[in-house]
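Swiss-Prot annotations:
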DISULFID  31-36  disulfide bond
DISULFID  53-97  disulfide bond
DISULFID  56-70  disulfide bond
DISULFID  64-87  disulfide bond
DISULFID  71-77  disulfide bond
DISULFID  104-118  disulfide bond
DISULFID  112-130  disulfide bond
DISULFID  119-124  disulfide bond
MOD_RES   39  glycine amide
SIGNAL    1-30  signal peptide
């Protein structure tokens, strides 16, 4: 059985086209940590390493919980403000970050990120499980004020 030049050309062309389709399929399924669909990179395996989410907000008291969402206990949640710009850098990392906070939401898939606010993969909502006791809130607020004062003193102190 002889293969003509035309048949070889068609076969090569078909192989190249198939290779190109596989390449496009592989790159189209890639996504950043924060904007993947459910079951994407956010579906973290228990054995996969994670890191703490980046600090954000005034004096770094919050944590990034989305590409332009920063939440913290004494802070609440900031969305789309200059303080949240640092959260865009979360998309650049290939290692997912773990949002700290008590579990909340349906099937405990979310985390309490601020007083009364629970965030899951793609949304935040009010949740009574995330309410902070007034005594505990006062203690956290006083501790944050003290740390802020110490930081300012250290920055303003001139060493000889």
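In case you wondered, yes, glycine gets a Cβ from its N, Cα and C as well.
Small disclaimer: the values here were computed from a predicted structure and weren't measured.
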CA pair residue 97 (disulfide bond) / residue 64 (disulfide bond), Å rounded to integer, equals 9
The most crowded of the disulfide-bonded residues 56, 70, 119, judged by neighbouring Cβ atoms within 10 Å of its own Cβ, is 70
What remains of the disulfide-bonded residues 56, 64, 70, 104, 118, 130 once a 10 Å Cα-Cα cut-off to residue 124 (disulfide bond) is applied is 118
CB neighbours within 10 A of residue 71 (disulfide bond), counting all protein chains shown, number 28
As a whole number of Å, the Cα atom of residue 56 (disulfide bond) is distant from the Cα atom of residue 118 (disulfide bond) by 18
Same-chain residues at least 6 apart in sequence with Cβ under 8 Å of the Cβ of residue 104 (disulfide bond), in sequence order, are 110, 111, 112, 118, 127, 129, 130
For residue 77 (disulfide bond), the closest of the disulfide-bonded residues by C-alpha position, picking from 64, 70, 87, 119, is 70
